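> Quick one: this structure, given as C-alpha coordinates, is what I'll be asking you about.
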Amino acid sequence: MDFLLGNPFSSPVGQRIEKATDGSLQSEDWALNMEICDIINETEEGPKDAFRAVKKRIMGNKNFHEVMLALTVLETCVKNCGHRFHVLVANQDFVENVLVRTILPKNNPPTIVHDKVLNLIQSWADAFRSSPDLTGVVAVYEDLRRKGLEFPMTDLDMLSPIHTPQRTVFNSETPSRQNSVSSNTSQRGDLSQHATPLPTPAVLPGDSPITPTPEQIGKLRSELEMVSGNVRVMSEMLTELVPTQVEPADLELLQELNRTCRAMQQRILELIPRISNEQLTEELLMINDNLNNVFLRHERFERFRTGQTAKASSEAELATDLIDMGPDPAATNNLSSQLAGMNLGSRSVRAGLQSLETSGHLEDDFDMFALTRGSSLADQRKGVKYEAPQTTDGLAGALDARQQSTGAIPATQARIMEDIEQWLSTDVGNSAEEPSGVTSEEFDKFLEERAKAADRLPNLASPSAEGPPRPSPGTAPRRKTQEKDDDMLFAL
(Lines of atoms letter the chains of each structure in order from A and count residues from 1; the text may use other names and numbers.)
(Lines give C-alpha, C1' and ligand atoms only; values in the text may rest on other atoms or scores of the structure.)
Protein backbone atom coordinates (compact mmCIF):
# COMPACT_ATOMS: atom_id res chain seq x y z
CA MET A 1 0.00 0.00 0.00
CA ASP A 2 2.85 2.38 0.84
CA PHE A 3 4.48 1.48 -2.48
CA LEU A 4 1.37 2.52 -4.39
CA LEU A 5 1.07 5.78 -2.44
CA GLY A 6 4.70 6.71 -3.04
CA ASN A 7 7.39 7.85 -0.67
CA PRO A 8 5.89 9.05 2.67
CA PHE A 9 8.66 11.64 2.98
CA SER A 10 7.74 13.32 -0.34
CA SER A 11 4.83 15.34 1.10
CA PRO A 12 5.45 18.70 2.82
CA VAL A 13 4.74 17.34 6.27
CA GLY A 14 6.67 14.15 5.45
CA GLN A 15 9.76 16.18 4.54
CA ARG A 16 9.63 18.03 7.83
CA ILE A 17 9.16 14.77 9.77
CA GLU A 18 12.19 13.32 7.98
CA LYS A 19 14.25 16.31 9.09
CA ALA A 20 12.89 16.24 12.65
CA THR A 21 13.78 12.54 13.01
CA ASP A 22 17.20 12.62 11.38
CA GLY A 23 19.79 10.63 13.30
CA SER A 24 22.33 13.44 13.01
CA LEU A 25 20.28 15.62 15.37
CA GLN A 26 21.62 15.76 18.91
CA SER A 27 18.24 16.67 20.42
CA GLU A 28 14.67 17.42 19.47
CA ASP A 29 13.93 20.37 17.18
CA TRP A 30 10.84 21.72 18.92
CA ALA A 31 10.28 24.51 16.39
CA LEU A 32 10.14 21.96 13.60
CA ASN A 33 7.87 19.73 15.68
CA MET A 34 5.38 22.54 16.25
CA GLU A 35 5.46 23.39 12.53
CA ILE A 36 4.50 19.77 11.80
CA CYS A 37 1.55 20.09 14.17
CA ASP A 38 0.38 23.24 12.41
CA ILE A 39 0.48 21.54 9.00
CA ILE A 40 -1.53 18.60 10.34
CA ASN A 41 -4.20 20.89 11.75
CA GLU A 42 -4.42 23.21 8.70
CA THR A 43 -4.29 20.83 5.73
CA GLU A 44 -6.74 18.17 4.66
CA GLU A 45 -4.19 15.45 3.99
CA GLY A 46 -1.88 16.52 6.80
CA PRO A 47 -2.94 13.86 9.35
CA LYS A 48 -2.61 10.96 6.89
CA ASP A 49 0.72 12.15 5.44
CA ALA A 50 2.18 12.74 8.90
CA PHE A 51 0.95 9.37 10.13
CA ARG A 52 2.54 7.54 7.17
CA ALA A 53 5.85 9.36 7.63
CA VAL A 54 6.05 8.60 11.37
CA LYS A 55 5.10 4.97 10.76
CA LYS A 56 7.80 4.67 8.10
CA ARG A 57 10.45 6.10 10.43
CA ILE A 58 9.59 3.77 13.35
CA MET A 59 8.76 0.48 11.65
CA GLY A 60 11.79 -1.80 11.22
CA ASN A 61 14.32 0.90 12.05
CA LYS A 62 17.42 -0.36 13.90
CA ASN A 63 18.65 3.17 14.62
CA PHE A 64 16.94 3.64 17.98
CA HIS A 65 18.00 7.29 18.15
CA GLU A 66 15.84 8.00 15.11
CA VAL A 67 13.07 5.86 16.64
CA MET A 68 13.23 7.92 19.83
CA LEU A 69 12.98 11.19 17.86
CA ALA A 70 10.02 9.80 15.89
CA LEU A 71 8.25 8.84 19.14
CA THR A 72 8.76 12.38 20.42
CA VAL A 73 7.26 13.83 17.21
CA LEU A 74 4.35 11.40 17.50
CA GLU A 75 3.68 12.35 21.14
CA THR A 76 3.83 16.07 20.28
CA CYS A 77 1.36 15.66 17.43
CA VAL A 78 -1.09 13.68 19.58
CA LYS A 79 -1.06 16.38 22.25
CA ASN A 80 -1.39 19.30 19.84
CA CYS A 81 -3.56 17.91 17.02
CA GLY A 82 -7.21 17.11 16.79
CA HIS A 83 -9.49 14.14 16.43
CA ARG A 84 -8.50 13.35 12.83
CA PHE A 85 -4.98 12.47 13.85
CA HIS A 86 -6.11 10.69 17.03
CA VAL A 87 -8.23 8.25 15.02
CA LEU A 88 -5.17 7.15 13.04
CA VAL A 89 -2.84 6.84 16.04
CA ALA A 90 -5.31 5.05 18.35
CA ASN A 91 -5.90 2.32 15.76
CA GLN A 92 -5.28 -1.14 17.21
CA ASP A 93 -3.32 -2.26 14.15
CA PHE A 94 -0.85 0.63 14.45
CA VAL A 95 -0.34 0.15 18.20
CA GLU A 96 0.20 -3.62 17.94
CA ASN A 97 2.14 -3.95 14.68
CA VAL A 98 4.28 -0.81 14.95
CA LEU A 99 4.73 0.35 18.53
CA VAL A 100 4.55 -2.97 20.40
CA ARG A 101 6.60 -4.81 17.78
CA THR A 102 9.36 -2.22 18.13
CA ILE A 103 10.00 -3.19 21.77
CA LEU A 104 9.93 -6.96 21.29
CA PRO A 105 12.89 -8.76 22.95
CA LYS A 106 14.19 -10.01 19.59
CA ASN A 107 14.82 -6.40 18.53
CA ASN A 108 16.79 -5.73 21.74
CA PRO A 109 15.56 -2.15 22.22
CA PRO A 110 17.20 0.11 24.82
CA THR A 111 15.36 0.76 28.05
CA ILE A 112 14.56 4.36 27.17
CA VAL A 113 12.73 3.33 23.99
CA HIS A 114 10.94 0.50 25.78
CA ASP A 115 9.67 2.79 28.54
CA LYS A 116 8.74 5.52 26.06
CA VAL A 117 6.48 3.21 24.05
CA LEU A 118 4.77 1.84 27.17
CA ASN A 119 4.23 5.34 28.54
CA LEU A 120 2.60 6.45 25.28
CA ILE A 121 0.27 3.44 25.22
CA GLN A 122 -0.70 3.94 28.86
CA SER A 123 -1.36 7.67 28.56
CA TRP A 124 -3.37 7.26 25.36
CA ALA A 125 -5.45 4.47 26.88
CA ASP A 126 -6.31 6.70 29.85
CA ALA A 127 -7.11 9.70 27.66
CA PHE A 128 -9.14 7.92 24.95
CA ARG A 129 -11.04 5.52 27.21
CA SER A 130 -14.24 7.52 27.02
CA SER A 131 -14.16 7.92 23.20
CA PRO A 132 -15.92 5.05 21.38
CA ASP A 133 -13.89 5.44 18.15
CA LEU A 134 -10.53 5.59 19.95
CA THR A 135 -10.71 2.38 22.01
CA GLY A 136 -8.21 0.41 19.92
CA VAL A 137 -5.30 1.51 22.07
CA VAL A 138 -7.37 0.76 25.18
CA ALA A 139 -7.84 -2.85 24.02
CA VAL A 140 -4.11 -3.26 23.42
CA TYR A 141 -3.31 -1.75 26.81
CA GLU A 142 -5.69 -4.07 28.66
CA ASP A 143 -4.38 -7.08 26.74
CA LEU A 144 -0.80 -6.28 27.71
CA ARG A 145 -1.79 -5.91 31.34
CA ARG A 146 -3.57 -9.29 31.30
CA LYS A 147 -0.39 -10.86 29.95
CA GLY A 148 1.50 -9.54 32.99
CA LEU A 149 3.44 -6.69 31.37
CA GLU A 150 4.45 -4.10 33.96
CA PHE A 151 4.08 -0.51 32.80
CA PRO A 152 6.62 1.99 34.16
CA MET A 153 5.59 4.65 36.61
CA THR A 154 4.88 7.98 34.99
CA ASP A 155 6.42 11.19 36.26
CA LEU A 156 3.50 13.11 37.72
CA ASP A 157 5.32 16.43 37.47
CA MET A 158 6.02 16.03 33.74
CA LEU A 159 2.48 15.08 32.77
CA SER A 160 0.57 17.32 30.43
CA PRO A 161 -2.90 16.89 28.95
CA ILE A 162 -3.06 15.06 25.64
CA HIS A 163 -5.94 17.14 24.38
CA THR A 164 -8.19 19.78 25.78
CA PRO A 165 -11.90 18.95 25.49
CA GLN A 166 -13.98 21.34 23.50
CA ARG A 167 -16.07 23.80 25.37
CA THR A 168 -19.61 22.61 25.82
CA VAL A 169 -22.30 25.15 24.92
CA PHE A 170 -25.70 24.42 26.43
CA ASN A 171 -28.89 25.44 24.68
CA SER A 172 -31.21 27.05 27.19
CA GLU A 173 -34.23 26.41 24.98
CA THR A 174 -33.92 22.62 25.15
CA PRO A 175 -35.80 21.20 28.16
CA SER A 176 -33.93 17.90 28.05
CA ARG A 177 -30.59 19.68 28.48
CA GLN A 178 -31.98 21.57 31.45
CA ASN A 179 -33.13 18.31 33.04
CA SER A 180 -29.71 16.74 32.52
CA VAL A 181 -28.01 19.73 34.13
CA SER A 182 -30.33 19.51 37.14
CA SER A 183 -29.62 15.78 37.47
CA ASN A 184 -25.86 16.47 37.35
CA THR A 185 -26.31 19.06 40.07
CA SER A 186 -28.12 16.53 42.27
CA GLN A 187 -25.36 13.98 41.69
CA ARG A 188 -22.76 16.50 42.78
CA GLY A 189 -24.78 17.13 45.91
CA ASP A 190 -24.79 13.41 46.74
CA LEU A 191 -21.07 13.05 46.15
CA SER A 192 -20.29 16.00 48.37
CA GLN A 193 -21.54 14.00 51.35
CA HIS A 194 -18.81 11.35 50.91
CA ALA A 195 -15.79 13.35 49.75
CA THR A 196 -14.13 16.67 50.34
CA PRO A 197 -16.36 19.08 48.44
CA LEU A 198 -14.91 21.05 45.60
CA PRO A 199 -16.40 24.50 45.21
CA THR A 200 -18.84 24.76 42.37
CA PRO A 201 -18.77 28.21 40.75
CA ALA A 202 -22.04 29.96 40.32
CA VAL A 203 -23.89 29.02 37.16
CA LEU A 204 -24.90 31.96 35.08
CA PRO A 205 -28.46 32.19 33.85
CA GLY A 206 -29.04 30.16 30.73
CA ASP A 207 -26.47 27.48 31.77
CA SER A 208 -23.63 29.20 29.95
CA PRO A 209 -19.97 28.17 30.55
CA ILE A 210 -18.66 28.96 34.02
CA THR A 211 -16.45 31.99 34.48
CA PRO A 212 -15.21 31.80 38.09
CA THR A 213 -14.34 34.91 40.06
CA PRO A 214 -10.84 35.38 41.54
CA GLU A 215 -12.16 34.41 44.95
CA GLN A 216 -13.68 31.21 43.55
CA ILE A 217 -10.44 30.45 41.69
CA GLY A 218 -8.43 30.77 44.91
CA LYS A 219 -10.81 28.51 46.78
CA LEU A 220 -10.82 25.99 43.94
CA ARG A 221 -7.03 25.86 43.85
CA SER A 222 -6.86 25.32 47.61
CA GLU A 223 -9.20 22.36 47.19
CA LEU A 224 -7.11 21.05 44.31
CA GLU A 225 -4.03 21.24 46.53
CA MET A 226 -5.90 19.10 49.04
CA VAL A 227 -6.65 16.57 46.30
CA SER A 228 -2.99 16.57 45.27
CA GLY A 229 -2.02 15.95 48.90
CA ASN A 230 -4.33 12.94 49.09
CA VAL A 231 -2.85 11.60 45.86
CA ARG A 232 0.66 12.10 47.21
CA VAL A 233 -0.14 10.27 50.47
CA MET A 234 -1.79 7.41 48.62
CA SER A 235 1.17 7.12 46.24
CA GLU A 236 3.64 7.03 49.15
CA MET A 237 1.60 4.33 50.90
CA LEU A 238 1.53 2.20 47.75
CA THR A 239 5.31 2.59 47.52
CA GLU A 240 6.00 1.65 51.14
CA LEU A 241 3.43 -1.10 51.76
CA VAL A 242 4.04 -4.72 50.81
CA PRO A 243 0.87 -6.40 49.44
CA THR A 244 1.50 -9.66 51.32
CA GLN A 245 2.39 -8.03 54.65
CA VAL A 246 0.04 -5.06 54.90
CA GLU A 247 -1.41 -4.24 58.31
CA PRO A 248 -5.22 -4.02 58.68
CA ALA A 249 -5.06 -0.38 59.83
CA ASP A 250 -2.91 0.63 56.86
CA LEU A 251 -5.17 -1.27 54.48
CA GLU A 252 -8.26 0.47 55.87
CA LEU A 253 -6.61 3.89 55.47
CA LEU A 254 -5.59 3.03 51.92
CA GLN A 255 -9.14 1.98 51.03
CA GLU A 256 -10.52 5.20 52.52
CA LEU A 257 -8.07 7.28 50.48
CA ASN A 258 -9.06 5.37 47.35
CA ARG A 259 -12.76 6.07 47.90
CA THR A 260 -12.12 9.74 48.64
CA CYS A 261 -9.91 10.24 45.59
CA ARG A 262 -12.45 8.55 43.30
CA ALA A 263 -15.18 10.85 44.56
CA MET A 264 -12.89 13.83 43.96
CA GLN A 265 -12.13 12.64 40.43
CA GLN A 266 -15.84 12.50 39.68
CA ARG A 267 -16.20 16.13 40.72
CA ILE A 268 -13.16 17.11 38.65
CA LEU A 269 -14.55 15.39 35.55
CA GLU A 270 -17.76 17.34 35.98
CA LEU A 271 -15.93 20.65 36.28
CA ILE A 272 -13.52 20.20 33.34
CA PRO A 273 -16.01 20.75 30.47
CA ARG A 274 -17.67 23.71 32.22
CA ILE A 275 -14.69 25.84 33.30
CA SER A 276 -13.89 28.59 30.79
CA ASN A 277 -10.50 29.38 32.37
CA GLU A 278 -7.86 27.58 30.32
CA GLN A 279 -5.29 27.58 33.11
CA LEU A 280 -7.73 26.00 35.56
CA THR A 281 -8.69 23.44 32.94
CA GLU A 282 -5.06 22.42 32.51
CA GLU A 283 -4.65 22.06 36.27
CA LEU A 284 -7.78 19.93 36.48
CA LEU A 285 -6.58 17.70 33.65
CA MET A 286 -3.17 17.27 35.26
CA ILE A 287 -4.72 16.28 38.60
CA ASN A 288 -7.03 13.90 36.76
CA ASP A 289 -4.00 12.21 35.17
CA ASN A 290 -2.37 11.92 38.58
CA LEU A 291 -5.51 10.30 39.94
CA ASN A 292 -5.60 7.81 37.07
CA ASN A 293 -1.99 6.83 37.71
CA VAL A 294 -2.49 6.27 41.41
CA PHE A 295 -5.66 4.29 40.72
CA LEU A 296 -3.72 2.01 38.39
CA ARG A 297 -1.11 1.43 41.08
CA HIS A 298 -3.85 0.69 43.61
CA GLU A 299 -5.46 -1.83 41.27
CA ARG A 300 -2.09 -3.58 40.82
CA PHE A 301 -1.59 -3.55 44.60
CA GLU A 302 -5.02 -5.11 45.21
CA ARG A 303 -4.42 -7.71 42.52
CA PHE A 304 -1.21 -8.86 44.19
CA ARG A 305 -2.79 -8.81 47.65
CA THR A 306 -5.91 -10.75 46.71
CA GLY A 307 -3.84 -13.17 44.65
CA GLN A 308 -1.65 -14.06 47.65
CA THR A 309 -4.73 -14.44 49.89
CA ALA A 310 -6.39 -16.79 47.40
CA LYS A 311 -3.16 -18.81 47.16
CA ALA A 312 -2.92 -19.16 50.95
CA SER A 313 -6.58 -20.27 51.19
CA SER A 314 -6.07 -22.86 48.43
CA GLU A 315 -3.02 -24.23 50.26
CA ALA A 316 -5.08 -24.48 53.46
CA GLU A 317 -7.83 -26.38 51.60
CA LEU A 318 -5.21 -28.70 50.11
CA ALA A 319 -3.77 -29.37 53.57
CA THR A 320 -7.23 -30.31 54.88
CA ASP A 321 -7.75 -32.72 51.97
CA LEU A 322 -4.55 -34.66 52.69
CA ILE A 323 -4.84 -38.00 54.50
CA ASP A 324 -3.69 -37.83 58.11
CA MET A 325 -1.32 -40.74 58.72
CA GLY A 326 -0.98 -39.98 62.46
CA PRO A 327 -2.87 -41.74 65.26
CA ASP A 328 -6.56 -41.08 65.42
CA PRO A 329 -7.35 -39.18 68.65
CA ALA A 330 -10.70 -40.93 68.92
CA ALA A 331 -9.08 -44.35 68.59
CA THR A 332 -6.45 -43.41 71.18
CA ASN A 333 -9.10 -42.25 73.61
CA ASN A 334 -11.07 -45.44 73.00
CA LEU A 335 -7.99 -47.57 73.73
CA SER A 336 -7.31 -45.58 76.89
CA SER A 337 -10.87 -46.10 78.08
CA GLN A 338 -10.62 -49.83 77.41
CA LEU A 339 -7.40 -50.09 79.42
CA ALA A 340 -8.95 -48.06 82.21
CA GLY A 341 -11.92 -50.43 82.28
CA MET A 342 -9.80 -53.53 82.73
CA ASN A 343 -9.61 -55.11 86.25
CA LEU A 344 -6.10 -54.23 87.32
CA GLY A 345 -6.71 -54.07 91.05
CA SER A 346 -4.13 -54.74 93.71
CA ARG A 347 -5.71 -58.10 94.47
CA SER A 348 -5.31 -59.44 90.94
CA VAL A 349 -1.76 -58.08 90.67
CA ARG A 350 -0.81 -59.63 94.02
CA ALA A 351 -2.33 -62.93 92.96
CA GLY A 352 -0.29 -62.92 89.77
CA LEU A 353 2.93 -62.22 91.65
CA GLN A 354 2.20 -64.98 94.15
CA SER A 355 1.58 -67.43 91.34
CA LEU A 356 4.95 -66.51 89.82
CA GLU A 357 6.71 -66.96 93.17
CA THR A 358 4.96 -70.30 93.78
CA SER A 359 5.95 -71.58 90.36
CA GLY A 360 9.53 -70.51 91.09
CA HIS A 361 9.58 -72.42 94.40
CA LEU A 362 8.08 -75.49 92.76
CA GLU A 363 10.74 -75.41 90.10
CA ASP A 364 13.46 -75.16 92.77
CA ASP A 365 12.02 -78.13 94.71
CA PHE A 366 11.70 -80.17 91.55
CA ASP A 367 15.29 -79.39 90.58
CA MET A 368 16.52 -80.53 94.01
CA PHE A 369 14.52 -83.77 93.77
CA ALA A 370 15.80 -84.43 90.25
CA LEU A 371 19.35 -83.85 91.45
CA THR A 372 18.79 -86.36 94.24
CA ARG A 373 17.30 -88.91 91.82
CA GLY A 374 20.10 -88.48 89.32
CA SER A 375 22.96 -89.02 91.79
CA SER A 376 23.84 -92.13 93.74
CA LEU A 377 23.54 -92.46 97.48
CA ALA A 378 27.32 -92.55 97.82
CA ASP A 379 27.64 -89.24 95.95
CA GLN A 380 25.02 -87.69 98.17
CA ARG A 381 26.74 -88.88 101.32
CA LYS A 382 30.02 -87.39 100.17
CA GLY A 383 28.61 -83.93 100.75
CA VAL A 384 27.42 -84.80 104.27
CA LYS A 385 29.84 -84.03 107.12
CA TYR A 386 29.58 -86.59 109.90
CA GLU A 387 30.29 -85.04 113.22
CA ALA A 388 29.97 -86.24 116.77
CA PRO A 389 26.61 -87.60 117.86
CA GLN A 390 26.38 -84.74 120.27
CA THR A 391 26.32 -82.26 117.38
CA THR A 392 24.13 -83.90 114.74
CA ASP A 393 21.96 -87.01 115.04
CA GLY A 394 21.89 -88.71 111.64
CA LEU A 395 20.70 -87.63 108.24
CA ALA A 396 17.43 -86.30 109.61
CA GLY A 397 19.35 -83.94 111.84
CA ALA A 398 21.41 -82.76 108.88
CA LEU A 399 18.25 -82.08 106.90
CA ASP A 400 16.81 -80.26 109.90
CA ALA A 401 19.95 -78.17 110.14
CA ARG A 402 19.74 -77.35 106.42
CA GLN A 403 16.13 -76.33 106.75
CA GLN A 404 16.96 -74.19 109.74
CA SER A 405 19.78 -72.50 107.86
CA THR A 406 17.52 -71.75 104.90
CA GLY A 407 14.76 -70.53 107.19
CA ALA A 408 12.30 -73.29 106.17
CA ILE A 409 11.38 -74.25 109.78
CA PRO A 410 11.84 -72.39 113.06
CA ALA A 411 14.25 -73.41 115.82
CA THR A 412 11.53 -74.70 118.16
CA GLN A 413 10.23 -77.02 115.49
CA ALA A 414 13.78 -78.38 114.99
CA ARG A 415 13.91 -79.36 118.65
CA ILE A 416 10.60 -81.20 118.35
CA MET A 417 11.93 -83.08 115.33
CA GLU A 418 14.98 -84.17 117.37
CA ASP A 419 12.71 -85.65 120.06
CA ILE A 420 10.71 -87.55 117.45
CA GLU A 421 13.91 -88.85 115.88
CA GLN A 422 15.15 -90.06 119.27
CA TRP A 423 11.90 -91.91 119.89
CA LEU A 424 12.00 -93.56 116.46
CA SER A 425 15.64 -94.60 116.96
CA THR A 426 14.73 -96.30 120.23
CA ASP A 427 11.97 -98.30 118.55
CA VAL A 428 14.16 -99.24 115.64
CA GLY A 429 16.96 -100.42 117.99
CA ASN A 430 14.61 -102.68 119.97
CA SER A 431 13.07 -104.19 116.87
CA ALA A 432 16.49 -104.94 115.33
CA GLU A 433 17.48 -107.25 118.21
CA GLU A 434 14.31 -109.40 117.83
CA PRO A 435 14.28 -112.46 115.59
CA SER A 436 12.57 -112.37 112.27
CA GLY A 437 9.67 -114.49 113.49
CA VAL A 438 7.13 -112.74 115.65
CA THR A 439 4.45 -114.47 117.75
CA SER A 440 1.31 -113.02 119.15
CA GLU A 441 2.82 -112.73 122.61
CA GLU A 442 5.79 -110.87 121.26
CA PHE A 443 3.51 -108.58 119.32
CA ASP A 444 1.56 -107.78 122.49
CA LYS A 445 4.83 -107.10 124.27
CA PHE A 446 5.81 -104.80 121.38
CA LEU A 447 2.61 -102.86 121.78
CA GLU A 448 3.22 -102.44 125.51
CA GLU A 449 6.69 -101.11 124.82
CA ARG A 450 5.33 -98.71 122.29
CA ALA A 451 2.79 -97.50 124.79
CA LYS A 452 5.53 -96.96 127.38
CA ALA A 453 7.61 -95.13 124.80
CA ALA A 454 4.62 -92.95 124.00
CA ASP A 455 4.35 -92.07 127.67
CA ARG A 456 8.00 -91.03 127.64
CA LEU A 457 7.45 -88.79 124.56
CA PRO A 458 7.60 -85.09 125.59
CA ASN A 459 4.74 -82.66 124.98
CA LEU A 460 5.01 -81.26 121.44
CA ALA A 461 3.02 -78.12 122.15
CA SER A 462 5.31 -77.00 124.97
CA PRO A 463 8.78 -78.44 124.55
CA SER A 464 11.22 -78.16 127.45
CA ALA A 465 13.63 -75.31 127.44
CA GLU A 466 16.53 -77.58 128.33
CA GLY A 467 16.36 -79.43 125.04
CA PRO A 468 16.48 -83.19 124.41
CA PRO A 469 18.73 -85.36 126.63
CA ARG A 470 22.09 -86.34 125.28
CA PRO A 471 22.18 -89.92 123.98
CA SER A 472 24.19 -92.42 125.91
CA PRO A 473 27.27 -94.05 124.43
CA GLY A 474 25.39 -97.34 124.23
CA THR A 475 23.17 -96.06 121.47
CA ALA A 476 25.91 -96.20 118.80
CA PRO A 477 24.91 -99.65 117.45
CA ARG A 478 21.33 -98.53 117.24
CA ARG A 479 22.37 -95.39 115.29
CA LYS A 480 24.23 -97.50 112.71
CA THR A 481 21.12 -99.61 112.23
CA GLN A 482 19.13 -96.39 111.80
CA GLU A 483 21.57 -95.20 109.13
CA LYS A 484 21.10 -98.44 107.22
CA ASP A 485 17.33 -98.03 107.38
CA ASP A 486 17.70 -94.45 106.15
CA ASP A 487 19.84 -95.66 103.25
CA MET A 488 17.18 -98.16 102.29
CA LEU A 489 14.53 -95.42 102.53
CA PHE A 490 16.46 -93.15 100.16
CA ALA A 491 17.11 -96.07 97.83
CA LEU A 492 13.36 -96.53 97.48
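Heads up, the Cβ atoms here are built off N, Cα and C, so glycines get one too.
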> For the set Thr164, Thr174, Thr213, say which residue Swiss-Prot annotates with phosphothreonine.
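Annotated as phosphothreonine in Swiss-Prot: Thr164.
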> Of Ser208, Ser472, which one does Swiss-Prot label phosphoserine?
Ser208
> Using a Cβ-Cβ cut-off of under 8 Å, list the residues of the same chain that are 6+ residues beyond the ends of the motif 'KRKK' (48-56) and lie near it.
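For the motif 'KRKK' (48-56), the far contacts come to 2, 5, 8-9, 11-14, 17-18, 21, 36, 39-40, 70, 73-74, 77, 85, 88-89, 94, 98.
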> Hey, what's the Cβ neighbour count for Ser11 (phosphoserine) at 10 Å?
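There are 21 of them.
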> Mean pLDDT across the region 'Clathrin box' (321-326), rounded to an integer, is what?
51
